[in-house]
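Chemist: I have a structure here, written as structure tokens, and I will follow up with some questions on it.
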Amino acid sequence: MHSLTTLLVASLATLALTKPVPQITTKGFSVTGTVAKPLPAYPVRLARVYEKYGKPVPSNIAAAAAAATETGSVPAIPEESDVAYLSEVNIGGQTLTLDFDTGSADLWVFSSELASSYTEGHAIYNPNKSKTAKKLNGATWKIRYGDGSGASGDVYTDDVEVAGITVKGQAVELASKVSSQFLQDPDNDGLLGLAFSSINTVQPKPQTTWFDTAAAQGLFAKSLFTVDLKQGAPGTYDFGYIDSSKYTGKITYTDINESQGFWEFTGTGYGVGDGNFQEQDIDAIADTGTTLLLMDDSIVEDYYSQVDGAEVDQQQGGYVFPCSAQLPDMILGIGSGQATIPGGLMSLGAVSRGSSSCFGGLQSNQGVGLSIYGDIFLKAVLAVFDADNKRFGFAPKSS
Ligand SMILES: *[C@@H]1O[C@H](CO)[C@@H](O)[C@H](O)[C@H]1NC(C)=O
Ligand SMILES: *[C@@H]1O[C@H](CO)[C@@H](O)[C@H](O)[C@H]1NC(C)=O
């Protein structure tokens, strides 16, 4: 893992766009630790035993399970060019706007521990102004993401509300240092990690993510969340349920391998436009914190060979093409299904304001072996992150 981290940090940094802030983000990829797997509330566990053996759940147990659980939905608002999506979170009575990231497992925030010159324009978390904050003595954290950005500081616990669901005693990591990438983006006050808690960076004892803490407190009927991102428009994160109005047809699932802490699965291949589907194993992660779709060079070259005028622009750090070009669809095989990213979603827009050159949504993963199915992919589907059943699912969005 360490070498992969180093490679991604070294290589993906070159993907930064020379365009107005904020930059393309590639979050995720942090150090590993271990955390005990959380258990849902007792009535929920009991109800699952009945379900597992195909028996009807007795009404009193179903009612207790329902009373013990919550569901909620929070908007995900895109920044310029959809480089990141931001959602509101309430921490100890203070509202911050965070980037929800399925590629990392730390909840960290701009805080009163940063010099005020660094927090201009940001909402910050000040534990001194919260009645429910408690210092987690001796705990520190430090994270570095795939795009070379990073942050570090100390830790408090507090009540954290997302989508109307309040988790008590959640570890909140206060930044006392942040890298320049975060300073350039006043709309983003930190990250809320939704990968597996095994890669949380708090030392000496790793902490659980907001989602895992909520699941451990039995707050969800189903320990899953769904992501419905949209091009240039607000989408949603839903917790604890699947909203059937958000997709059509059926959800296709594939098993995930959480050993590296990611929502990682083996894709079954890809296709470009109307061309043949190329069967091959693709080691991929579903990552809301990454702007782009990052794949092996051979696939990226295959795709852009079908785009008139496409070329690698060293200055821009990746493939660009005339904004007037017709882009083919990108097909990704997942489980028994195929997700189609329409050509219209395969561009990130002009490389700078007013330019007629556009930056590609599909770029090279720089040979690291792992493909990152970021927002370019997620905008095309309703995505299901199912922790209960250790699987990732997708379905076509309802229009
Ligand atoms: C809280 O207030 C104390 C006393 O003024 C100060 O020393 C400390 O730095 C503050 N903590 C934070 C996190 O702002
Ligand atoms: C999961 O990934 C790890 C590390 O890449 C690998 O060693 C292991 O065999 C994988 N497990 C399964 C079930 O594929």
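Using the three backbone atoms N, Cα and C, a Cβ is placed for every residue, glycine included.
Below, the features straight out of TrEMBL:
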SIGNAL    1-18  signal peptide
DOMAIN    85-395  domain 'Peptidase A1'
ACT_SITE  D101  active site
ACT_SITE  D287  active site
DISULFID  C323-C358  disulfide bond
Chemist: D287 (active site): which of the recorded positions D101, C323, C358 is the nearest Cα neighbour?
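Modeler: Nearest by Cα distance to D287 (active site): D101.
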Chemist: Roughly how many Å lie between the Cα atoms of C358 (disulfide bond) and D101 (active site), rounded to a whole value?
Modeler: 26
Chemist: By a simple count, how many Cβ atoms lie within 10 Å of the Cβ of C323 (disulfide bond), its own Cβ left out?
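Modeler: Its Cβ has 15 other Cβ atoms within 10 Å.
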Chemist: Looking at the active-site residues D101, D287, which one has the fewest other Cβ atoms within 10 Å of its own Cβ?
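Modeler: Output over active-site residues D101, D287: least Cβ neighbours within 10 Å is D101.
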Chemist: If one measures from the C-alpha of C323 (disulfide bond) to the C-alpha of D101 (active site), what distance in angstrom results, rounded to a whole number?
Modeler: 29
